[in-house]
Structures are given as C-alpha cells and as structure tokens.
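So the structure is just underneath, and the comments pick up after that.
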C-alpha cells in the first residue's frame, strides 16, 4: 500500500472513531440492546472475538451471555440466537421482519449483488426466484423423475470401488468418487448431463472453479473489511481474485451448459408434456421476461454451491461416523438385509420403510450439521426480539448447531447415537417440526433442497453399507473427524482414506 493510501486510511479511521463514539452514545440511550461483550469504538468486539465466528465459538458465548447476545463487529450489529423459542421468533413468528439477507462484500460479488435466490434480500425478487426454482427442482415430481438416475449413480460408485484393488486393502479417499456422483445427480436435473469420470476435463475445470469460489466465500480472512469499511482498501487483492473467479465460473456455466441447452432446445420440439430438465423451465421464464440472463446464471450458481457441496458434506460425515462406529454400521446393515433381503439394492421408495437408516441420517445432520449457523438473516427495520431492541439491518445468526447439541435439551448430545430418534426423540423430523432440530431451517428462508437431499443421502449411504464393510485404513482404529468450519459451513477437515471390503451375498 502506498503512503497516500495509508494516510487516507488513518485519517478516515480517526474520523470514524469520533463518529462511532457519538453514534454509540446515541444508540445506547435509544435502544435496549441484547447483552454481550463491551465494544470499543470502530472495532466493536472484533479485536476480542476475531474473525472466526464458527458455531462452537458462538456456543461458548451463548453459555456466557445467554440465549440472545450482541456482538458489535466493526460497524455491524451481529445478533446471535441460541434457543428454540427465539429461533421460532426469527424463522417463523417474525419471519417477515427477519426474512431478509445481509450484504457481504464477497457474496455481493458472487451473486451480482443479490441477483440470485439464496442470498438476495427478502422481497418481490426473492419471491419470484423462489417460485421459478421450485417447479424444476424442489417437488415430489422431480424426485420421482430423477430417483432412478440417483440409484444408477450410486450403483456406478459401488461398481467403480469394487474395480479398484486399493479400496479393499490400503483404502481410498472415497469423497472424490462421491463428488463426481453428486455433480452427476444435480447436473442430470439441471442440464440432463453427466460426467463420465473424475478425469473428464470439463468436470475437472468445473470442480476447481467451484472449489475456489467456496474457499474464497467461506473463509474468515475477509471479515475485517466487511465489518469495518475503512479497512476495505486492504481487501483489494482478495476482492479482485473473487471477481476473476466469479467471471470465469459464470462464463463456464454459460458456454458449456446454458448455451448448449439452448442449442438443443432450438433443434428439438419440446412441449409442456415432454420431459424437460430444470434449465428448460428457467429459460422459459427468461423468454417470458420474468428474469434476465444474469438471473439464469446465478440460479445455476446457487445449485452448484447450495445443493452439491452441502449434500456431499453430509454424506461424507455419515460415512465417517459409520466407520468410527462399527456397531451402528452393523445394525444398519442388518436392517437393510432384514427389510429388503440379502443383496436387494435399496431404492428411493425403500428409504421410508427403514427407520434405522432414517435415524442414522437424522443423527448425522444433528451432530454434523452442514450449515450450522444458517445463512444470516436481517431485519430491514427496527425490531423486537426476546425483549430487546434490534436495530435495523442487524445481522441475525441462528446457531442451529447449538440448538441440536445443547445438553440442556438433548441427552448426551456429543455422542453419535441414532437410537435417540427411535426412542426419546422419535417424533422429531428434519422438516422443522421441532425448533431444537433444524438441519434445513424452517419458514420462508428454509432450504427447499431437503426434498432432494434426504433421498440422496438414504440411497447413497444405504448402497455403500449394503455392498461394503467400511473400515479405517490399516494401522488405525478410527478416522479423523476434526471439523473445518467456514462462514456458514461445517465439513470434515481431512478427507480421510477408508477401506471398503466388498461383501458377498
């Protein structure tokens, strides 16, 4: 940074301290704010809390300050909710008041300042995008249309693993093959396309760009520039890389998928009764003038981020827990053989008549919640919550992981014990019928992908347990399940090697 920029930054910082001090005094008189650590001018609680606002750190603050607390992160108010009652207020009772999304310098780049559905503010654009995306992606009709493809992709995974001699001896990093499976599951729905192998050049390029986007967006290192605008000049290099990755990704989506599908549609007659992939419905909405080309590309962006990776994380967590709990793995295998018969491969309709499989999935989503803090909510106007005043445009985080892992509400929550969902928690479902357990959220901004994720999880985990004994690599009794938290995500730190010994029927 040159001296002129540094001088401007320091002058701006000094001015901001004066302004922040005045504003802080005025707000202190006006609002009854939630409790929290004492902030300092300009930086707020950032110097105390740091950038790493993960679910476990915020759970520790909840134990200290209570079910609702306030962090002043630079010039932003961050309100953290950690009880089922207040989660219900934010997500359901006052769902309209708290239904918007906060702005973020990095996500503004990757979503074109909210031209997508997932990260846009609450309003007419969000309602339109949600409606346009629901029919081609998130209905039972879609499940029934594509479940055969999901079953085929799971069968291909089993076949490829059996062909690999390393899998039964030294072990393999199964995640790599499962990643290809998840891309194929979703790209079949989106574009009626699939990738033949992990070495497919287009798949390699797509995976690399999506991975870079996730790394840039999920990291904590840019928080300081988001919380404290006067420090944003220090983010120039980071934001430039974000813009470059965003442009390359959108161009890839356009050139290789959206435009290719347009060409296919122009040469083939498709009426409303013929089978269409999701992008055909999206392009129809564009032709009607409901959305523009950028919206189309940002819908593709959302599916790449919000559907593929999150489901993959959950599959990976489920497999890791089964490797580390062989008694649970055996119990699940016994259920599959008893209900379906030895060697009878699980299909989507079977998943609903296998209660222990359902319990394993629920427990995976409870202990290893893919989006532990949800995407941040925001109130556009001043609001009330838990007896406190919430200033307009506050960032609201619901610590869904803590709701599902609070020892005051759950018996031995640190244990991976699927039986809890067949015993004391037998009435709890993943659809949000209990505000202690919200793996997909609830209300207006809930994740509509639940209708796809649950059957894919059931088919994939079921097929693997049926066909293989899942073991840690030679010389180890367990695999490492250390967590890696992100801005909103929770995935496994190390993609572990596991041994898959084929079973005979």
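Residue positions begin at 1 at the first shown residue.
Using the three backbone atoms N, Cα and C, a Cβ is placed for every residue, glycine included.
What Swiss-Prot records for 213, 214, 215, 216, 217, 218, 306 is (E)-cinnamate binding site, and it gives similarity to another entry as the kind of evidence. Around the Cβ of residue 306 ((E)-cinnamate binding site), the same chain contributes 118, 447, 449, each under 8 angstroms and 6 or more positions distant in sequence.
According to Swiss-Prot, the heme binding site annotation covers 447, on the basis of similarity to another entry. In the three-state DSSP scheme, residue 447 (heme binding site) falls into the coil class.
As annotated by Swiss-Prot, transmembrane segment applies to 3-23.
Residues 213, 214, 215, 216, 217, 218, 306, recorded as binding (E)-cinnamate, reach a greatest CA to CA spacing of 15 Å. When secondary structure is read from DSSP and collapsed to three states, residue 213 ((E)-cinnamate binding site) falls in the helix class.
Cβ neighbour count for residue 217 ((E)-cinnamate binding site) (all protein chains, 10 Å cutoff from its Cβ): 23.
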